[in-house]
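Everything on this sheet refers to the single structure shown next.
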Amino acid sequence: MAGTERRARPRPLSPHLQIYKPQINMVMSILHRITGAALYFGSLLLAWWLFAAAVSPGYFAYVNGLFATWPGMVIIVGYSWALIHHLLGGLRHFVWDTGTGLDIGSVDLMSWGTIVLSVLLTAGLWFYIASERGWLQAWQ
């Protein structure tokens, strides 16, 4: 194949993420994948907690103590948000599977609704848990 030389190309052959303007549906797609991965690792922690409960009261108290720290609570709240957000994202996809809500306006509205509703539901869940456990009495 004489005469066929490869030349260095000064630009990429296909578009890269840097040239795209971030849109809410693009962010939601990435966030759905991230929350799915977070749920995988969070479920391993949940399985560890259940395993500790089955092994012995001492080991369960140790693992429970780790989850009761501030980093542990951040992980638990983050896990619950990821679960709620991923669930709402899945419901959004079920709606799309019916063929409704596929126009740009509806996609954007459902995307923003998923973000807002997941934050509100997570806050409501943890407000309920805090009130049931008496954590809110310290602020009264």
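Glycine is treated like the rest: Cβ placed from N, Cα and C.
Look at TrEMBL and you will find His86 tagged as heme binding site. The Cβ of His86 (heme binding site) has 20 other Cβ atoms within 10 Å, all protein chains considered.
According to TrEMBL, the feature transmembrane segment maps to 38-62 (among others).
Positions annotated as transmembrane segment by TrEMBL: 68-88 (among others).
Marked as transmembrane segment by TrEMBL: 109-129 (among others).
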Once DSSP output is merged into helix, strand and coil, His86 (heme binding site) belongs to helix
Within the same chain, the residues 6 or more beyond the ends of the transmembrane segment (38-62) and with Cβ under 8 Å of it are 75, 78-79, 82-83, 86
Near the transmembrane segment (109-129) in space but 6 or more residues beyond its ends, with Cβ under 8 Å, are 24-25, 27-28, 77, 80-81, 84-85, 88-89, 92, 95, 101, 135-136
